[in-house]
Amino acid sequence: MELFLMQLFNGISVSSILLLAALGLAITFGLMGVINMAHGEFIMIGAYTAYVVQNFFKKYLPASVFDSYCIVAILLSFLVAGFCGLILEKLIIRKLYGRAADSLLVTWGISLILQQGARSIFGSPNVGVEAPSFLENSLKISGMLALPYKRLFILLIAVICLLGVYALMFKTRQGRNIRAVMQNRNMAASLGVNTSRVDASTFAIGSGLAGLAGCALTWIGAIGPTLGTNYIVDTFMTVVVGGAGSIIGSVFGAGFIGVGETAFEFMTTASMGKVLIFVCVIILLQFRPKGIFAVHTRSLED
Amino acid sequence: MKPRPAMKIKGTTILVLLIFLFLGTLPFYMPMFRVSLFGKYMCFAIVALGLDMIWGYTGILSLGHGVYFGLGAYCMAMYLKLEASGGALPDFMQWTGMSALPTFWKPFVNPVFAIAMAILVPMALAILIGYLTFLNKIRGVYFSILSQAMAMIMSTLLIGSQAYTGGSNGLTDFKTIFGKSINSPITKIQMFYATLIALVLIYGVCRFLTGRRVGRVLIAIRDGENRAGFAGYNTASYKVFVYALSAVIAGIAGALYVGQVGIISPNEVGITPSVEMIIWVAIGGKGTLAGPILGALAVNGFKTIASENFPELWSYFIGVLFVVVILWLPGGFVSLKEVPGRIRHVIEVRKNEKPRETENFVSEEKQSRAH
Amino acid sequence: MEVKDPVLDIQDVSIKFGDFKAIKDVSTSVGKNEIRFFIGPNGAGKTTILDAICGKNKVSDGHIIFHSDKDGDKDVTKMREYKISDLGIGRKFQAPSVFGGITIEENIELAVARKHSIYCTTFLKLSKEKKDYMNYVLEFIGLQDKRFKYPGSLSHGEKQWLEIGMLMAAKPQLMLLDEPVAGMGRKETEKTAELLKKIKKDCSIIVVEHDMQFAKDVSDTVTVFHEGQVLDEGTMESVQRNQKVIDVYLGRG
């Protein structure tokens with residue numbers, strides 16, 4: 001029983017990172033019809049931002065305030081990744097609206113450039129980031145069952161972000177505009193919604209969330225230039241399962257992939273786990289080819 | 001009634017013939033190691049042709065063709081490995097502590113079986129995956145993402161089951177092929193020409209198909225899949241067909257590749273090599289048969305030169321090139337000759353449209369006041 | 001309304017999208033060589049019914065029986081769209097959707113070939129008879145001079161005709177046209193009316209249209225839809241006198 005709960009917790013922990021990464025991807029896909037393969041590289045950018053912040057604190061500030069680096073790292077990883085996303089959107093993504101396959105390829109090219117950039121700046125070997133000391137311990141529930149604070153903290157960040165995105169989408173004018181553009185771009189534009197501003201800001205927020213995911217990842221493992229590639233497939237699968245543009249879909253997808261993969265890997269091997277979750281996704285899509293929470297349309301070719 | 005425009009040999013056909021001529025005479029004036037390199041590039045050109053059939057003509061973007069390439073290559077490599085060990089346990093299995101040859105390895109001692117499998121295994125997997133996805137209308141980027149996941153899974157599986165596949169080292173250290181030393185110049189030349197013949201034949205098959213009505217159906221599916229369905233075509237079966245065809249082509253390329261390069265490892269199977277295959281087609285020019293051949297040869301040739309001289313810059317270069325081609329040259333290199341005309345057109349359109357550029361900026365306040 | 005010798009019987013059909021019932025117990029029959037118009041306000045369910053006949057929408061309740069000349073009576077509600085097309089039902093969508101990557105002639109060619117298997121499209125060539133018919137269709141829609149061009153160079157009206165030509169080429173028993181004259185000028189509309197009257201000699205046609213003049217000129221009978229139900233059915237003159245129809249639809253104009 002404890003083992004089961006531990007696995008469940010691990011699964012949820014994986015899910016929380018997937019959710020952070022997938023939220024932005026799902027919204028931008030639903031909003032602009034753009035698939036961003038460089039999304040994984042925003043995870044990497046966030047991770048390296050945290051790494052740089054940590055180094056700065058180590059080098060220039062007294063050891064007593066070191067733990068507070070994590071607050072700075074969280075904020076900066078969001079801002080830096082978001083800013084990079086904004087630039088990318090302004091320069092390239094906006095030329096690709098509605099051309100999903102093309103956007104996929106172009107952003108792949110960009111991800112190659114970004115990866116090589118990271119390699120040039122930080123070197124190929126993985127680097128580690130020290131977690132703040134207050135995250136080092138675990139919450140002991142019982143003899144066997146101990147929940148690491150790091151993972152609990154990441155879960156907390158994910159929940160806060162989810163609530164934040166939810167509030168943004170459904171409680172603010174910005175969110176209303178995003179939803180309007182998602183449903184009918186031309187109509188929204190003719191009603192006076194500045195669609196290009198909506199697109200750019202949404203893309204930036206999505207990228208920022210990926211950066212946050214990267215920051216969170218630094219506490220549970222080493223990071224390297226190819227960090228993004230390791231997560232991008234799972235992130236995409238999350239979006240595919242959940243359905244483009246749906247927040248609740250992303251939550252479901254992240255839970256499905258994260259918990260499912262952990263469970264399968266626990267029962268079989270790491271590689272078989274991946275095969276089994278893939279089979280499950282294919283089976284799910286047999287019934288809902290556009291994801292569980294996809295929106296219906298009446299157009300002929302979609 | 002207007003007569004059909006006179007048949008004229010298109011520039012792209014001449015280009016392909018020139019490429020074939022160049023490749024055919026290559027061994028007469030190039031050093032051996034360059035010939036082998038071009039042998040490898042030709043395998044890539046074969047894959048690119050298959051990919052173009054499903055992407056350029058049918059509009060299905062597969063990011064997982066490394067899987068089929070790998071399956072073909074591993075089937076062939078199993079045969080080569082067994083021939084090197086004389087039918088006994090291959091070296092890597094001894095290292096991992098296997099005591100007997102796994103059952104599924106045994107028939108691969110026979111080269112005919114191995115070659116048949118290099119074709120049939122990719123075909124079977126492609127038909128299975130194709131039916132599961134296309135029949136239930138999983139399409140567009142959803143399919144692309146699934147195919148990419150497949151590439152990742154394939155490479156994880158290969159690495160994970162080291163005792164059967166050689167793990168991340170892959171299969172290598174071959175000695176003979178069909179009883180002849182694999183490293184002798186004569187065998188190398190023979191393999192080079194075998195690959196060239198395969199390339200020419202597969203080009204012929206693709207040309208035949210695209211010239212027939214089936215080719216037009218594929219284009220129709222690309223332009224409007226549902227419309228093609230309402231015109232009475234079972235689009236799912238066409239898609240499965242062309243997907244399986246391209247998988248078989250990739251499998252053949254893989255089998256030819258492993259003999260010439262002497263190694264196949266998960267590195268040639270995963271996400272990155274699979275997307276690279278797409279890059280060849282895109283840069284050469286999708287939707288033509290000359291494009292993928294040209295793209296595969298040129299990109300890989302350049303990659304070799306670049307990684308010999310400035311390996312750091314290669315990733316930047318290919319990344320930028322890819323972005324530029326997709327954004328501004330969707331027809332790839334073979335469409336370069338149309339570029340001057342297009343630029344002129346764009347300039348003219350700009351000139352005519354300038355006066356009404358700022359019209360859809362109604363401020364947001366206006367909108368909220370209206371509520 | 002009783003129809004002699006029907007081609008299509010729609011029997012108590014309901015269509016649901018989630019909880020929303022778009023079509024409620026609709027029944028009607030379309031006769032041979034009849035031009036039937038489906039009219040009614042936006043959202044009345046006209047296009048939804050067409051979608052159901054050609055296999056694009058699933059029917060929640062009821063049957064749609066097609067009386068095929070070659071295959072007998074078939075319920076098309078559970079069939080895949082390409083099978084329905086093979087039976088002899090052709091569909092034109094609202095926005096012109098022709099295949100941009102192949103020439104105009106090849107567009108017609110794909111439609112005129114009635115053998116659709118991969119084997120046939122790979123190895124068989126069109127028979128002389130089919131080729132002649134293809135030429136006839138090209139001439140009929142007035143595009144014979146542009147046959148080697150790509151559809152991208154056509155005007156909106158010409159694209160609509162090309163699509164009607166593609167339907168004709170398939171020699172269906174029943175054609176479903178969704179707003180064939182939307183976006184056309186008066187002249188083009190008149191030409192389309194001529195086309196339809198000629199086509200009618202060989203098949204039945206269902207048209208969804210808002211252009212009342214066009215409906216008056218071309219229709220044999222009309223069915224008026226309102227909120228997913230049939231409000232009235234009959235000749236144009238008779239439904240125009242129906243007070244309910246005037247209230248919900250015609251009267252506003």
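Using the three backbone atoms N, Cα and C, a Cβ is placed for every residue, glycine included.
Within its own chain, the transmembrane segment (B:12-32) is flanked in space by residues 38, 42, 185, 188-189, 192, 196, 199-200, 203, 288-291, 293-294, 297, 334, which lie at least six positions past its ends and keep a Cβ under 8 Å from the stretch. Under the heading transmembrane segment, TrEMBL lists B:12-32 (among others).
What TrEMBL lists as transmembrane segment is B:38-55 (among others).
Note on the transmembrane segment (B:67-88): residues 47, 101, 105, 108-111, 113-115, 117-119, 121-122, 125-126, 150-151, 154-155, 158, 165, 170-171, 173-177, 179, 182, 246-248, 250-255, 257-259, 264, 266, 268-269, 273-274, 277 of its chain, located 6 or more positions outside it, place their CB under 8 angstroms from a CB of the stretch. Sequence annotations record features per position, and here TrEMBL assigns transmembrane segment to B:67-88 (among others).
Summarising the annotation, TrEMBL assigns transmembrane segment to B:108-134 (among others).
According to TrEMBL, the feature transmembrane segment maps to B:141-164 (among others). Sequence-distant contacts of the transmembrane segment (B:141-164) (same chain, six or more residues past either end, CB-CB distance under 8 Å): 60-67, 70, 74, 92-93, 96-98, 102, 105, 129, 133-134, 170, 265-267, 269-271, 274-275.
Sequence-remote contacts of a segment are chain residues at least 6 beyond its ends whose Cβ falls under 8 Å from one of its Cβ atoms, and for the transmembrane segment (B:191-210) they are 16, 20, 23-24, 26-27, 35-36, 38-39, 42-43, 45-46, 49-50, 52-53, 57, 177, 218, 249, 252-253, 256, 259-260, 289, 293. Look at TrEMBL and you will find B:191-210 (among others) tagged as transmembrane segment.
Taken from TrEMBL, the feature transmembrane segment applies to B:240-258 (among others). Cβ atoms under 8 Å from those of the transmembrane segment (B:240-258) belong to residues 39-40, 42-44, 46-47, 49-51, 53-54, 57-58, 60, 62, 65, 68-77, 80, 114-115, 118-119, 121-123, 125-127, 129-131, 134-135, 171, 191, 194-195, 198, 202, 218, 264, 268 of the same chain, restricted to positions at least 6 beyond its ends.
Taken from TrEMBL, the feature transmembrane segment covers B:278-301 (among others).
According to TrEMBL, the transmembrane segment annotation covers B:313-331 (among others).
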- Item | Residues from the same chain, set at least six apart from the ends of the transmembrane segment (B:313-331), whose C-beta lies under 8 A from its own | 279, 282-283, 285-288, 291, 299, 303, 306-307, 338-339
- Query: For the transmembrane segment (B:108-134), what are the same-chain contacts with Cβ under 8 Å, counting residues 6+ beyond its ends?
  - Reply: 67-68, 71-73, 75-76, 78-79, 82-83, 87, 143, 146-147, 150, 178, 235-236, 239-240, 243-244, 246-248, 250-252, 254-255
